[in-house]
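To start, the structure itself, in structure tokens.
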Amino acid sequence: METQAPAEDSYDKLMEEKRAREKEIDAWLPITSSRNAKWWYSAFHNVTAMVGAGVLSLPYAMAQLGWGPGVVILILSWIITLYTLWQMVEMHEMVPGKRFDRYHELGQHAFGEKLGLYIVVPQQLIVEVGVCIVYMVTGGKSLKKFHDLVCKDCKSIKLTYFIMIFASVHFILSHLPNFNSISGVSLAAAVMSLSYSTIAWTASAAKGVKENVEYGYKAKSTVGTVFNFFSALGDVAFAYAGHNVVLEIQATIPSTPEKPSKGPMWKGVVVAYIVVALCYFPVALVGYWMFGNSVDDNILETLEKPAWLIATANMFVVIHVIGSYQIYAMPVFDMMETVLVKKMHFRPSWYLRFVVRNFYVAATMFVGMTFPFFGGLLAFFGGFAFAPTTYFLPCVMWLAIYKPKRYSLSWWTNWICIVFGLCLMILSPIGGLRTIVINAKDYKFYS
């Protein structure tokens with residue numbers, strides 16, 4: 001691309017070349033390369049990003065929160081995250097003629113060039129990489145469950161190998177260049193999430209309320225109860241964590257001054273949130289109602305029979321998690337490729353992409369194989385990074401940029417969200433860390 005400019009050539013030509021080069025790089029990077037998405041793309045990308053396999057642990061979280069607090073926290077989280085999502089959709093194009101295609105670009109606008117990066121990027125990376133690792137484990141576990149259910153007499157195979165099998169899909173899929181090219185995968189994933197949620201709660205309802213069902217707290221000691229409560233807060237926070245990829249999804253929607261992208265995007269988000277409610281509320285409430293506090297941290301484990309149905313649900317989970325992994329990996333690929341191409345001046349090429357993405361998939365696979373205690377890790381990461389990026393970072397940015405009047409409705413709303421989010425952020429890692437410590441005591445590596 002770079003031609004040696006003769007000495008007498010003007011500065012303008014260099015600038016033009018630089019601009020052309022940046023444009024070319026943008027056309028190559030995964031997030032900015034294709035901007036022709038329809039509003040329903042944003043709907044199923046958001047469903048895939050939001051409805052994690054976390055939905056299956058909601059009855060367990062309910063059992064640790066109890067009826068009152070559980071229902072309140074579920075609904076509050078739904079409302080607050082919808083509000084913060086609306087803020088992000090609004091802020092995507094608040095500067096005329098410019099689009100914040102990535103979470104950290106919005107952060108830089110709100111907090112300044114340097115500080116914005118330091119605030120947003122670590123958290124966003126923790127969330128996205130954390131999700132990818134957790135999904136490696138979830139995918140492997142669900143495959144193992146499927147194998148064990150379908151073939152009762154087979155020799156049992158280590159979880160480690162199932163995680164490898166699951167990862168093998170991603171070594172292929174991660175080479176799809178951008179968000180629009182994974183929309184097929186994402187659509188399948190969104191349909192699956194609705195399907196297995198429906199299987200989970202209808203199968204529970206069909207079983208009926210268990211005999212001598214108990215709704216009290218399971219832990220014997222007060223300390224245990226309190227820690228479990230904290231940990232369950234983290235599970236709920238994790239269940240609503242689609243915000244890390246929201247601007248990146250919106251970046252794929254075309255936009256003109258007359259028709260900004262926030263119209264179609266918001267339409268998609270509302271549809272996604274209705275689907276989220278249809279997945280979450282029935283599973284959490286019916287699951288807890290039928291099994292009480294004896295429910296497992298994955299409701300599909302509590303429902304052993306009918307075997308074919310539960311095996312199907314596990315396969316659905318696998319397909320959904322494949323889609324989710326891709327959606328969360330895409331912004332990370334974008335960051336890695338941006339750094340390599342813009343900072344280290346590598347040529348944008350297919351082999352650069354090949355190396356970078358295979359390395360990432362291999363890394364997440366390896367970590368997932370090494371630490372597969374699933375629930376505790378969720379609560380731990382859930383509090384640390386999910387709470388801020390989902391519950392209060394958008395509000396802090398909103399306050400920093402729009403500066404609403406003190407004590408006005410907008411001011412109060414944002415501060416309430418910030419306080420709620422801060423509580424989540426402080427409390428849930430405590431619970432999660434305890435769970436990890438308890439699990440790690442009797443854990444053998446690669447068993």
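Each residue, glycine too, has its Cβ placed from N, Cα and C.
Look at TrEMBL and you will find 36-431 tagged as domain 'Amino acid transporter transmembrane'.
According to TrEMBL, the transmembrane segment annotation covers 39-58 (among others). Residues 74, 131, 135, 138, 142, 179-180, 183, 186-187, 189-190, 193-194, 196-197, 200, 235-236, 238-242, 244-246, 249-250, 252-253, 263-265, 267-269, 271-273, 275-276, 279-280, 283-284, 287, 297-300, 317, 320-321, 323-324, 327-328, 375, 378 of the same chain, all 6+ positions outside the transmembrane segment (39-58), place their C-beta atoms under 8 angstroms from a C-beta of that stretch.
What TrEMBL lists as transmembrane segment is 65-86 (among others).
The transmembrane segment feature in TrEMBL is assigned to 115-138 (among others).
Residues annotated as transmembrane segment in TrEMBL: 159-176 (among others). If one looks beyond the transmembrane segment (159-176) by at least 6 residues along the same chain, the residues whose Cβ comes under 8 Å of a Cβ in the stretch are 136-137, 139-141, 143-144, 147, 182, 185, 318, 321-322, 325-326, 329, 333, 353-354, 357-358, 360-362, 364-365, 368-369, 372, 446.
Note on the transmembrane segment (182-203): residues 37, 41, 43-45, 47-48, 51, 55-56, 173, 176, 275, 278-280, 282-283, 286-287, 299-300, 303, 306, 309-310, 312-314, 316-317, 319-324, 326-327, 330 of its chain, located 6 or more positions outside it, place their CB under 8 angstroms from a CB of the stretch. For 182-203 (among others), the entry in TrEMBL reads transmembrane segment.
As annotated by TrEMBL, transmembrane segment applies to 269-291 (among others).
Taken from TrEMBL, the feature transmembrane segment covers 307-329 (among others). Residues of the same chain lying 6 or more positions beyond the ends of the transmembrane segment (307-329) and with a Cβ under 8 Å from any Cβ of it are 45, 48-49, 51-53, 56, 127-128, 131-132, 135-136, 138-139, 142-143, 145-146, 149-150, 166, 169-170, 173-174, 176, 179, 182, 185-186, 188-190, 192-193, 195-196, 199-200, 203, 244-245, 300, 357, 360-361.
Annotation comment: TrEMBL describes 350-371 (among others) as transmembrane segment.
Residues or ranges marked as transmembrane segment by TrEMBL: 377-400 (among others).
Residues annotated as transmembrane segment in TrEMBL: 412-437 (among others).
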